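Among the features that Swiss-Prot reports, repeat 'LRR 5' is placed at 157-178. The domain 'LRRCT' annotation in Swiss-Prot covers 190-252. Summarising the annotation, Swiss-Prot assigns region 'Disordered' to 259-291, 517-552, 624-649, 696-732. Under the heading domain 'Fibronectin type-III', Swiss-Prot lists 312-399. Among the features that Swiss-Prot reports, repeat 'LRR 6' is placed at 318-342. Sequence annotations record features per position, and here Swiss-Prot assigns phosphoserine to SER461, SER645 based on a large-scale study or a structure entry.
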Amino acid sequence: MAGRGWGALWVCVAAATLLHAGGLARADCWLIEGDKGFVWLAICSQNQPPYEAIPQQINSTIVDLRLNENRIRSVQYASLSRFGNLTYLNLTKNEIGYIEDGAFSGQFNLQVLQLGYNRLRNLTEGMLRGLGKLEYLYLQANLIEVVMASSFWECPNIVNIDLSMNRIQQLNSGTFAGLAKLSVCELYSNPFYCSCELLGFLRWLAAFTNATQTYDRMQCESPPVYSGYYLLGQGRRGHRSILSKLQSVCTEDSYAAEVVGPPRPASGRSQPGRSPPPPPPPEPSDMPCADDECFSGDGTTPLVALPTLATQAEARPLIKVKQLTQNSATITVQLPSPFHRMYTLEHFNNSKASTVSRLTKAQEEIRLTNLFTLTNYTYCVVSTSAGLRHNHTCLTICLPRLPSPPGPVPSPSTATHYIMTILGCLFGMVLVLGAVYYCLRRRRRQEEKHKKAASAAAAGSLKKTIIELKYGPELEAPGLAPLSQGPLLGPEAVTRIPYLPAAGEVEQYKLVESADTPKASKGSYMEVRTGDPPERRDCELGRPGPDSQSSVAEISTIAKEVDKVNQIINNCIDALKSESTSFQGVKSGPVSVAEPPLVLLSEPLAAKHGFLAPGYKDAFGHSLQRHHSVEAAGPPRASTSSSGSVRSPRAFRAEAVGVHKAAAAEAKYIEKGSPAADAILTVTPAAAVLRAEAEKGRQYGEHRHSYPGSHPAEPPAPPGPPPPPPHEGLGRKASILEPLTRPRPRDLAYSQLSPQYHSLSYSSSPEYTCRASQSIWERFRLSRRRHKEEEEFMAAGHALRKKVQFAKDEDLHDILDYWKGVSAQHKS
């Protein structure tokens, strides 16, 4: 009482201090605050109106919270999780009937918990979960009937436990065994049922040293034969201890015997010297027994068996779920003795109990409706006795989420249908792809055939065009009089031969090979040897064909002669190379250039081509006829050679290139027909005339030199003497003609690319269009033949013609005399 008085006085002093300092933070709670808003104490007891739940407006830094004497009915984790600093919590004298499992798990600093004078019915492990620092636990004056053996396992630091004034009948021997710091355990005013099940707890209690020494207030209330016995034998009516009685009656197998049933009493009286059958205690000896162990009366009093609660424990009410639906449930309740007590089915919702129905049958099915999914519903079987409600067993129901409707299960026939459909689709795709592939391949073949036909047609047309270009004058003027024989003319009376390409430029005028269209090779050595006709050499490769054997028989004599002069040809080629090398070696300085003489064939070819190969006889005549037909309308012009002129290196180089090109161009037509010595006319100078002709040809731009890029500037030819008188034997003006503008078809036959642009792909020459367009695969074939060196494609007559063209009068006669000697020696 003194302690309570001092506590009340302290509360009054604290309240007065708050009123004086203005520390009243809320109208419903008295707060004692520290620095920076820290709250030490919050007194919320006896609130008007009383609290029905833990208030949330209190600062979370609170250390001491007092909510006693309100109407709080439940303790939830959500309402206490904010108060992490809480060390003292007073919930005394409320209406708490439900504590959520883990409700105090956020108060790991809590040391004092007061829950006295409430309506708790049982104590479980989950209620005290997380209270590792708890030291004082007050649960007095509740309705606790069951204390689980694991209730205090998470509270190893408990020093004081108060479970007095409850309804505890049984306690397990291991309930308080793990509490090493326990010094006070108040269990008085509980209706203990003294049976063999309580023997283990009584042994622990006898060994425990209770600081309060309240043994006289712990008594047995049932069974009636042991009513009034003290748990430890210290009482007002003698020294009767239930511990000694149970130790004398109960054995190690007492729990198994109690499950089977109560022991049968001994029949008859016990005789001295003979032991009664178990389970009575051993027979008394002659020695006097202790006062607390002797029975009243004489020794012939029969032993009375102690009734136990084993049958009652087995006969507890049972509740189980029978059926669950979307919004309802059916439960089954079994009662051992429905008429011994009044049983009801209660629904607990946050410690608020509501009666569902009264239970009056030994087994009854109850349907629960208007339930929601994913919601916990707790139902308990409660009995009422002497105005008190006893909770026997509970059941929690949670309706699951509505299951989704199951999808249709495919039948075996449906699965087979799906499989066949998939296989059919795959087979159809294969057929479609095959058809597409067949169509594409067929179309490709048709395109290839069309390309081949077009190439053949183009080749035929080109062949015809080339023939017309080369032999057009013969077709147009077949009655043209041949050139009359006569002596060689002087320079002033000689007509000019059209401009011809050089020998080194022969390769670029060959037709590019193709897989479909044959191409021609002009002036090659094999042409001379085999004697192919000119029509075959226009659009075919210069290689011997299958009919070459017949041609060899006809030209065997001439071929042998040509073989004999191979050495002369090689010497001529060497001479050409030496001339080119010596010409390129001149870079600057005054240079005197002697223009080479120009050669003209003025005699008829029918009588002057005894030493020519068959391939050169007709072509030479055609070129001369074409030349004369074009020159007929051209004005005459004389040209003189320039010597001793001083020019810059660039101008000299440009003129030298022009001279080389002019000489090469003049050599083209002489190769076609190499006449005898008496049919060659020397025209001096020729380089100036050829330069003027090339310069004017480029100005006309009629595909005469169709190649990209710039050309070296050629200086104009110096003025020459007046043109010589015409040659009467030819019936036309015998003079050097200016380059005339010929008709386009004929002009294209003479227009070739410059040899310095061999590598360029663009060309407007009609001879280059003889090949068919090649596909991309044919262009990159590794087996394509590469161009050979220029010396390999130079014909024998080619070199000889060049040497004859640039030779002077004496040299020309020497060459021809040597040629005749070789021929005569070969014939002999």
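Including glycine, each Cβ sits where the backbone N, Cα and C put it.
A helical conformation is recorded for SER461 (phosphoserine) in the three-state DSSP classification. Summarising the environment of SER461 (phosphoserine), the number of other Cβ atoms within 10 Å of its Cβ, over all protein chains shown, is 12.
For the domain 'Fibronectin type-III' (312-399), the predicted model reports an average pLDDT of 82. Note: the domain 'LRRCT' (190-252) comprises 26 helix, 8 strand, 29 coil (DSSP; helix = H, G, I, strand = E, B). In the domain 'Fibronectin type-III' (312-399), helix, strand and coil residues by DSSP number 3 helix, 58 strand, 27 coil. With DSSP classes pooled into helix, strand and coil, the tally for the repeat 'LRR 5' (157-178) is 0 helix, 3 strand, 19 coil.
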